[in-house]
Amino acid sequence: MKFKLIIFIIIIYIIKILKSEILNEFGYGLVDENLKCLSFIGDSNNQQLCNNKLINKQLIYSTINKSNQIQSLKMVEQSFKQLTFLQGKCLNLNFAQFGICDIYFPSCVETSFGISLPKRLCKSVCKQIVTDCPTLGVSLNCSDSNKFPTIGTLYNLTKYGYTENNGFYQVECSNPTNYYYNEINSTNNQFIEICPSPLVLRNQSDSKYGEDKGYTYLSPTNCVLGCPQPFFKNNKWVQMYKMSIVLSTLSFICSIYNIITFGLLSKLKSKYNLCITFFSVSTVLMSLMDIVTYGIGYEELLCPESGRYAIQSDVACGVTGAFFHIGITTGVLWWTTMSICLYSEVKRFKMISFRYIIIFNSVISLILLIIPLSGQAFMSGNGSLGCWIRKTWYANGTFWIPCGISLFIGAICIVLVIYEIFKISRNLSKDNKPLMFQIRPFLCVLLVGGSFLYLFIFYFNNERNLDKYKAAIPSYVQCLLSSDENGEDCLTDGPGFGAYFTFYFFTRLFGITSFSIYGTSKIARDIWFESAYNHPFFNPYIVKCLSLLGISKHFSSNSISGSNQKRFNRNGSNFNMKQNKSNPNDSISLSVVESTKKQDTENELESNIETKENRSTDISIENTTSSKDSNTNSF
């Protein structure tokens with residue numbers, strides 16, 4: 001008898017344990033009389049979400065006005081954005097999307113008591129999602145049986161007259177697995193990628209959206225970076241746009257002035273005049289890029305469509321990029337030529353015929369232009385103010401390496417010139433006038449060369465840090481995913497604004513620098529005065545004004561044309577113009593000093609060096625230091 005009693009107690013205990021275990025497989029839910037079984041509100045017009053991922057779209061647990069569905073759509077969209085950037089890290093993310101849609105839009109059961117109850121996602125489905133993508137385990141707590149029951153959810157409907165199972169109404173859990181595998185091959189049920197603003201979704205498997213078309217994809221997603229790339233906030237980009245067009249316009253005007261002065265009006269075509277003219281032509285071409293870009297619109301030209309930067313096949317980009325490249329390449333070559341000419345004058349060795357230098361610089365510039373053009377290397381890039389070469393090997397091979405070589409040659413010439421000038425100054429006099437005579441050419445060579453050197457250093461420093469910038473992209477994406485301002489407060493890692501601003505500042509300063517040094521010189525003013533005097537329209541007015549003012553003015557043969565000398569004497573209204581014979585091979589000196597009276601003549605010495613092809617000019621360093629050696633070249 002006792003044995004039977006023990007057996008009975010054990011059976012009762014086991015039943016209680018089993019019942020307890022069974023009950024543990026259920027979750028408990030609250031009843032909300034305000035929620036009903038209604039149809040799915042549907043996806044928004046421009047974004048597919050759960051429309052094809054719900055088991056039963058006609059019975060969704062929802063408020064009467066469906067306001068909770070609107071909020072749920074926002075939550076699903078945010079979840080899909082995060083899943084987009086988990087590609088490559090997780091398996092079967094499409095299945096996770098089915099599960100997420102089921103969580104936010106649970107299926108609904110209508111009871112005979114007029115109460116609507118939701119179906120919760122099965123724990124097995126939750127565990128499968130987390131197993132495929134452990135990262136989601138942070139937001140999905142599969143051990144919570146109230147949210148993810150193993151069998152179903154129990155709802156207490158006692159007060160509604162339900163008496164079975166002690167008043168607990170059982171609703172089985174939702175398992176979309178079978179539905180998922182039935183729909184997996186449907187074209188409407190593929191994994192949905194959503195890119196957070198300002199990233200743009202493109203299909204990179206489509207050739208028209210390939211990277212070579214101007215798209216920068218954030219692998220392994222189909223999201224592309226915005227254009228321009230958010231290195232800085234919008235107001236900073238506006239500052240750079242304004243700086244760019246203002247400096248480029250001024251540089252363009254200054255360069256045109258130099259071309260007219262030293263290339264067209266000046267009667268003497270010396271090598272320094274030619275260097276200044278060709279260098280000014282190069283800065284005109286560089287400035288045209290910004291002027292054309294501004295005319296079209298910076299963002300319109302550089303970013304022709306959302307998420308795409310301009311490439312060479314975009315005509316405006318190809319043309320402006322070619323202008324800028326041949327301009328800056330030619331500028332580097334002519335700067336180097338000026339450095340070599342400066343050194344040749346100091347050392348007094350004869351250079352090759354200048355026509356060969358012109359041919360050499362022109363041919364090299366064209367070759368360095370044709371190579372990137374043939375490789376479709378011109379593009380605006382994600383963060384730039386204009387189109388230029390963006391492919392690394394083309395950029396290095398057709399500009400930066402030649403630029404480095406030119407900078408090296410020019411730097412050597414500068415150092416040697418400084419050494420020679422100091423040596424001459426020390427040997428001839430304690431006076432520093434020989435050095436002061438070279439102030440303008442030194443300024444030109446040093447300032448322009450220093451600008452090119454900064455560009456060189458900035459570029460390669462930027463290239464060196466590219467991996468660091470790329471490594472910071474995930475942080476930028478994470479910022480976008482958590483941003484409440486459409487990503488406007490998020491920035492990618494890149495060059496500092498100051499360094500970036502300075503880089504573009506220097507590339508637009510060359511024309512202004514050249515004008516400040518040469519265009520404002522005494523000789524430039526005299527060239528314009530002589531040209532105006534020789535013009536039949538202006539001549540009578542100039543003669544009359546000089547006569548009325550009683551001005552005596554003298555044009556040195558070395559300071560203007562090298563072939564004539566004009567003297568204006570104070571003789572009331574009488575005006576004399578006196579020809580002075582001089583060797584036609586005499587060259588114009590671009591070194592400027594103040595005029596000094598010597599008997600009847602005022603000799604003007606410009607601060608640029610001018611070579612003599614066959615014999616010395618009338619003014620020399622020895623003249624300055626009272627030496628009588630007439631064969632010494634002028635500095």
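Cβ from N, Cα, C; glycine included.
Swiss-Prot gives the label N-linked glycosylation site to one of ASN156, ASN427, namely ASN156.
Candidates considered were CYS37, CYS195, CYS223, CYS227. The record in Swiss-Prot pairs CYS108 in a disulfide bond with CYS37.
In Swiss-Prot, the annotation N-linked glycosylation site falls on ASN396, out of ASN396, ASN623. Of ILE424 and GLY496, Swiss-Prot records each on a different side of the membrane. Within the set CYS50, CYS126, CYS133, CYS142, Swiss-Prot assigns CYS50 as the partner of CYS101, by disulphide bond. Cross-referencing ASN65, ASN614 with Swiss-Prot, the residue annotated as N-linked glycosylation site turns out to be ASN65.
Here CYS37 (disulfide bond) comes close to LEU59, ILE60, TYR61, SER62, CYS108, VAL109, GLU110, SER116: these same-chain residues lie at least six apart in sequence, with C-beta atoms under 8 angstroms from its C-beta.
In terms of C-beta pairs under 8 Å, the stretch of 245-265, 357-377, 399-419, 441-461, 497-517 lying closest in packing to the transmembrane segment (315-335) is 357-377.
Classification of CYS108 (disulfide bond) by DSSP places it within a strand.
Note: CYS101 (disulfide bond) has non-local neighbours LEU49, CYS50, LYS53, LEU54, VAL76, i.e. same-chain residues 6+ apart with C-beta under 8 A of its own C-beta. Within the same chain, residues 325, 328-329, 332-333, 335-336, 339-340, 342-343, 346-347, 364, 368, 389, 438, 442, 445-446, 449, 452-453, 455-456, 459-460 sit at least 6 positions outside the transmembrane segment (399-419) and bring their C-beta atoms closer than 8 Å to a C-beta of that stretch. Using DSSP to sort the residues of the topological domain 'Extracellular' (378-398) gives these counts of helix, strand and coil: 7 helix, 4 strand, 10 coil.
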